[in-house]
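Sequence annotations record features per position, and here Swiss-Prot assigns GTP 1 binding site to 10-17, 58-62, 114-117 based on sequence analysis. As annotated by Swiss-Prot, Ca(2+) 1 binding site applies to 198, 200, 202, 204, 209. Under the heading Ca(2+) 2 binding site, Swiss-Prot lists 318, 320, 322, 329, citing a curator's inference as support. Annotation comment: Swiss-Prot describes 429-436, 465-469, 534-537 as GTP 2 binding site. What Swiss-Prot lists as domain 'Miro 1' is 1-169. Among the features that Swiss-Prot reports, domain 'EF-hand 1' is placed at 185-220. Positions annotated as domain 'Miro 2' by Swiss-Prot, on the basis of sequence analysis: 420-584. According to Swiss-Prot, the feature topological domain 'Cytoplasmic' maps to 1-599. According to Swiss-Prot, the topological domain 'Mitochondrial intermembrane' annotation covers 621-627, on the basis of sequence analysis. Residues annotated as transmembrane segment in Swiss-Prot, with sequence analysis given as evidence: 600-620.
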């Protein structure tokens with residue numbers, strides 16, 4: 001916010017214009033001033049909240065000026081409502097506050113008891129108790145109240161500072177004065193902040209964690225005396241607190257409640273804004289959704305910093321050290337986020353990744369799941385990195401430092417290995433071919449033999465070690481009833497690294513589905529592919545199609561189908577073959593007999609010959625010149 005616009009309202013002769021003049025002149029103006037002062041703008045100075053400019057608009061309460069008054073009230077950020085005697089005080093509740101509500105404005109109101117220099121006005125505690133607090137209790141939009149005197153120049157600067165602070169650090173979203181407690185949204189935000197600062201997740205902010213919190217929020221060290229005073233304040237309100245271990249969540253919330261009760265709500269706002277909260281107590285959109293675009297033919301992956309963050313997160317929340325995250329540990333881990341990512345719920349997490357015998361997500365499965373999420377929905381990963389507290393090593397970097405963009409692989413047929421650590425393979429085939437069992441086997445699940453048709457798309461992700469030792473994450477996706485829509489979607493196919501054509505070698509009608517599929521979608525020829533004969537533990541049968549699978553693949557100058565069974569221990573070699581083909585796509589392309597020869601080597605040879613000829617000519621010319 002660049003400017004705070006203050007609308008000064010109140011009955012006639014309450015001293016509105018005198019307050020403004022006293023602020024500008026820094027003293028009381030004895031000369032008669034005009035009934036309504038022109039609008040003034042004051043630039044920010046030292047101590048101005050959030051370094052904002054301030055525009056002050058004087059108004060008239062006369063009925064003939066009501067149109068202008070309505071217009072100014074609707075344009076302002078805060079209303080300074082001034083009264084000066086019993087009559088104008090009564091009008092605060094009877095006219096002014098209902099009038100503001102009738103206009104539908106939702107701005108804070110600062111209530112000002114002016115002309116405190118006059119005899120018979122009472123003491124400040126008496127005025128606060130008898131006049132100001134009842135109005136604040138009745139009208140929640142009243143942010144604060146103060147006694148002033150333009151003649152004595154008493155609290156003149158302070159009243160306008162309160163107006164500025166009511167906009168830059170509003171109390172209304174934080175604290176309910178009537179009920180005397182922090183509001184739910186504020187509590188939720190502070191709970192998340194506590195969670196992020198409790199680095200060891202023991203339920204307490206220890207001395208070092210408090211010092212780190214102080215440095216982050218207030219850019220100054222926390223002395224031992226300061227920490228002792230904080231603990232003393234908490235102990236007075238919560239005598240049962242165990243402050244020897246540190247400050248627990250109830251103590252942290254109580255501390256912030258004390259700030260609100262003492263009018264130090266700007267302290268709470270400093271904390272909230274350091275953790276990227278807006279005035280509506282939601283996280284800043286630019287924080288959880290920073291700009292991040294994946295160029296065409298490229299993909300997104302976790303960077304080393306991103307993997308390190310998720311490894312650390314796993315180790316912290318695996319409280320029982322059993323090597324897996326159970327439901328309670330996952331719930332605690334995702335406490336500062338709005339639950340699991342919706343894509344995880346849709347894919348029936350954790351069944352989409354690696355689990356141990358107890359059904360708990362292993363570290364391998366945890367990293368594989370995030371690798372898949374980053375590949376398919378990088379913006380979801382970025383959003384959850386923000387929720388879960390990722391902090392880049394360089395303060396100038398954004399959360400996107402946890403991700404990296406791969407080199408584009410526009411020409412899949414180019415020789416060599418693509419620089420990708422996460423690859424996607426679509427598993428296509430007839431119903432009952434064994435695709436679901438293949439995905440289960442990929443996740444080390446036992447084979448049950450019961451057939452359940454796949455309706456929704458299903459994914460499985462796991463790490464695979466390539467020949468040479470490099471590890472990649474392989475995503476196998478069974479398309480279900482969305483198969484036609486996905487195979488017609490060029491963007492979906494561009495994201496795919498490999499097609500696995502799977503058929504049941506014991507079913508005579510299984511392979512014809514693949515033949516028909518390739519005829520229906522000829523653009524599938526543009527993708528690298530592998531043919532897989534599943535259920536090889538059963539008796540092999542001839543397929544009812546023009547060419548048998550071996551003949552069909554040979555006619556395409558491709559490798560013969562890989563014969564495997566999910567009941568065999570060697571099934572893991574199949575997934576290595578998939579990952580290897582996905583990362584070296586030139587080895588898995590169909591080539592028809594009509595396709596011309598690969599002239600790459602010829603072009604290289606001709607280029608070398610031409611370079612040699614130019615060099616020889618240059619040497620001959622130099623030799624001739626030398627003669």
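First residue shown is number 1, and so on along the chain.
Just so it is clear, glycine is given a Cβ too, placed from its N, Cα and C backbone atoms.
Source: prediction; values computed, not measured.
Location within the structure of each feature annotated in Swiss-Prot.
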residue: 10; record: GTP 1 binding site; Cβ neighbours (10 Å): 24
residue: 13; record: GTP 1 binding site; Cβ neighbours (10 Å): 14
residue: 59; record: GTP 1 binding site; Cβ neighbours (10 Å): 24
residue: 209; record: Ca(2+) 1 binding site; Cβ neighbours (10 Å): 18
residue: 318; record: Ca(2+) 2 binding site; Cβ neighbours (10 Å): 20
residue: 320; record: Ca(2+) 2 binding site; Cβ neighbours (10 Å): 11
residue: 329; record: Ca(2+) 2 binding site; Cβ neighbours (10 Å): 19
residue: 435; record: GTP 2 binding site; Cβ neighbours (10 Å): 26
residue: 469; record: GTP 2 binding site; Cβ neighbours (10 Å): 6
residue: 536; record: GTP 2 binding site; Cβ neighbours (10 Å): 20
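Same-chain neighbours of the Ca(2+) 2 site beyond 318, 320, 322, 329, judged by a C-beta within 8 angstroms of the site's C-beta center, are, in sequence order, 317, 319, 321, 323, 324, 325, 326, 360.
Classification of residue 10 (GTP 1 binding site) by DSSP places it within a strand.
For residue 466 (GTP 2 binding site), the nearest neighbour among the binding-site residues 198, 204, 318, judged by Cα separation, is 318. Sequence-distant neighbours of residue 202 (Ca(2+) 1 binding site) (same chain, 6+ apart, CB under 8 A from its CB) are 245. For residue 16 (GTP 1 binding site), the Cβ neighbour count at a 10 Å cut-off comes to 27, with all displayed protein chains included.
Cα-Cα distance from residue 13 (GTP 1 binding site) to residue 209 (Ca(2+) 1 binding site): 55 Å (rounded to the nearest whole number). The binding-site residues 16, 322, 429, 432, 469 include none with a CA atom within 10 A of the CA of residue 204 (Ca(2+) 1 binding site). In the structure shown, the C-beta of 429 has more C-beta neighbours within 10 angstroms than that of any other entry among the binding-site residues 429, 432. Residue 469 (GTP 2 binding site) is 38 Å away from residue 198 (Ca(2+) 1 binding site) when you measure Cα to Cα.
Per-residue pLDDT, averaged over the domain 'EF-hand 1' (185-220), rounds to 95. Comparing residue 200 (Ca(2+) 1 binding site) with residue 322 (Ca(2+) 2 binding site), their Cα atoms are 18 Å apart once rounded. For residue 322 (Ca(2+) 2 binding site), the same-chain residues lying six or more positions away in sequence with a CB closer than 8 A to its CB are 356, 358, 360. Taking the mean position of the Cβ atoms of 198, 200, 202, 204, 209 as the Ca(2+) 1 site, the remaining same-chain residues with a Cβ inside 8 Å of that point are 197, 199, 201, 203, 205, 206, 246.
Here residue 329 (Ca(2+) 2 binding site) is positioned 57 angstrom away from residue 10 (GTP 1 binding site), judged by their C-alpha atoms. The distance from the Cα of residue 329 (Ca(2+) 2 binding site) to the Cα of residue 209 (Ca(2+) 1 binding site) comes to 22 Å. For residue 432 (GTP 2 binding site) paired with residue 16 (GTP 1 binding site), the C-alpha to C-alpha distance reads 83 Å.
Comparing the Cα of residue 209 (Ca(2+) 1 binding site) with the Cα of every entry in 16, 59, 62, 536, these being the binding-site residues, the smallest distance points to 16.
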